[in-house]
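Colleague: Have a look at the structure that comes next, please.
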Amino acid sequence: MISDFPLLTFITLFPISAGLLIPFLDKKGNQLVRWYTLIICLIDFVITSYIFIYKYDLNIDTLQLIDDYAWVGPIEFHWKLGVDGLSMPLILLTSFITTLATLSAWPITRNSRLFYFLMLAMYSGQLGVFLSQDILLFFLMWELELIPIYLLLSLWGGKRRLYAATKFILYTAVGSIFILMAGLTMAFYNSNVPLLDFQSLANKQYPLALEIVLYLGFLIAFAVKLPAFPLHTWLPDTHGEAHYSTCMLLAGILIKMGGYGLIRINMELLPNAHVIFSPWIALIGGIQIIYGALTSLGQRNLKRRIAYSSISHMGFVMIGISSFTDLGLSGAMMQMVSHGLIGAGLFFLAGTSYDRIRTLFLDQMGGISTTMPKIFAMFTTCALASLALPGMSGFVAELMVFLGFLKSNAYSFDFIALITFLEAVGIILTPIYLLSMLRQMFYGYRKLKLTNTLLLDASPREIFIMSCLFLPIIGIGIYPNLTIPLWNTKVEAIEQLNVFKSVGFK
């Protein structure tokens, strides 16, 4: 279905285009640029919501609202955007989290104009990744969001920000090279004219050896972004040094690009290779759940502890993608949405706590619950959501992945038992490191010599941000059908591919 007005093009280009006007705003103070950026994000979020409510059909599993314009004629490079059940929930998540991250960044006063422009540029890049239907355009959008993150980290990070920023760009740039090489190989293989759009690539047939090589190239790139063990080491450093508004974008949106890429490209375009690699992806996902949980427990730094918990939770996404069941893949989508909300909330609360106590080391904290009861209550609620308390979105997501893999007919009983055991151990470990984090932060005697005047409780702005996050976290937990219909039709279509219906590793 092609749209009359290019709505998807508008929501993709509007943030970065509006950001180019920031230098022309009144340079006195930061108030104007804050409100300007927030209004731009709100407008984009409202239009995205309008697309979902009035233009998007939940019962169609093919692309909708397609914007297709020839860009570079000689190589058939098109500006082609489209939305379906994989991209719709993620562009809604992107718009929602970016708007809240912009509001959370209000305390920033140094070079605020550049900061807010970079946030808007990153906003456009992330929307572009989820909406692109051309492999070369997908690569360009993938690259577009890297530059703002590097600058946000290197200019507004902690003491080791340059090390973290360099490590981030090296990891992700290497992954991007694999996307470009594999994408161009797919486009030019057995074709006089390059076929760059996803629909054409899905209809191509490759020799199995070539498909395996292509799959491996994309897998490396997306495993870095997810991040998957052992390509995860950039994430704790990045989260540990970035400003918490940047962390909200990293945890809420950026790492979801890896899971999205695995489904959109590896699973849909290279299904034969996906069958071969799926047991290994599931095994790595199970190991990653336990590794992330155990490593998180050993972290003294609050943000690094939350970062390793993110690595652990992304293991469920990998298992869901490898399950070959509607329920498992739907659970992977739910986990990406759920963790996007919960992860953003945890990093926001970690940042607001740091603004008051000026330390991130858990062994230096303690006893601040009585002076900051609202922050204590919000942190506790968010941690309970992360450990998959029933009634929260995290519980629904992990249960769907757990049951989805358990009912899979693709694997032997022994392999299913192994992965289920790894998941169960991870689920047991999660409360240990999260409740330990709460105990070290809020209970016991106060170790820091801070007066009560410095330990201010949550402001109305901070309460509003967390309330906005808690609303979908609890809403999805109580009534999962708020989100499942967004991707259910598409998930069923993917799992009905002939290649997947005949899978069996007995």
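A Cβ is built for glycine as well, from the same backbone N, Cα and C atoms used for every other residue.
Remember, predicted model here, so these are calculated numbers, not experimental data.
Grabbed the feature section from Swiss-Prot, which reads as follows:
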TRANSMEM  5-25  transmembrane segment
TRANSMEM  114-134  transmembrane segment
TRANSMEM  135-155  transmembrane segment
TRANSMEM  168-188  transmembrane segment
TRANSMEM  209-229  transmembrane segment
TRANSMEM  243-263  transmembrane segment
TRANSMEM  275-295  transmembrane segment
TRANSMEM  309-329  transmembrane segment
TRANSMEM  331-351  transmembrane segment
TRANSMEM  386-406  transmembrane segment
TRANSMEM  415-435  transmembrane segment
TRANSMEM  463-483  transmembrane segment
Colleague: Do the transmembrane segment (386-406) and the transmembrane segment (209-229) share at least 3 Cβ pairs under 8 Å, sequence separation 6 or more?
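Modeller: No; fewer than 3 Cβ pairs under 8 Å.
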Colleague: List, by number or range, the same-chain residues at least 6 past the transmembrane segment (463-483) whose CB is under 8 A from its CB atoms?
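Modeller: Contacts with the transmembrane segment (463-483): 89, 96, 100, 103-104, 334, 337-338, 341-342, 344-345, 348-349, 374, 378, 381-382, 385, 390-396.
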Colleague: For the transmembrane segment (114-134), which recorded stretch in the set 5-25, 168-188, 243-263, 309-329, 331-351 gives the largest number of Cβ pairs separated by under 8 Å?
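Modeller: When the Cβ pairs under 8 Å are tallied, 5-25 comes out ahead.
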Colleague: Counting CB pairs under 8 Å, which listed stretch among 5-25, 168-188, 275-295, 309-329, 415-435 touches the transmembrane segment (243-263) the most?
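Modeller: It is 309-329 that shares the most Cβ pairs under 8 Å with the transmembrane segment (243-263).
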Colleague: By Cβ distance under 8 Å, which residues at least 6 away from the ends of the transmembrane segment (331-351) in the same chain are close to it?
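Modeller: For the transmembrane segment (331-351), the list is 86, 89-90, 93, 97, 100-101, 104, 239, 243-245, 247-248, 250-253, 256, 259-260, 263, 302-303, 306, 309-310, 313-314, 316-321, 323, 360, 375, 378-379, 382-383, 385-386, 392-394, 396-404, 462, 465-466, 469-470, 472-473, 476, 480, 483-484, 487, 491.
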Colleague: What residues in the same chain, six or more past the boundaries of the transmembrane segment (5-25), come closer than 8 Å to it by Cβ-Cβ distance?
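Modeller: For the transmembrane segment (5-25), the nonlocal Cβ contacts are 32-33, 36-37, 40-41, 43-44, 47-48, 51, 55, 65, 67, 79, 81-83, 91, 95, 113, 116-117, 120-121, 123-125, 127-128, 131.
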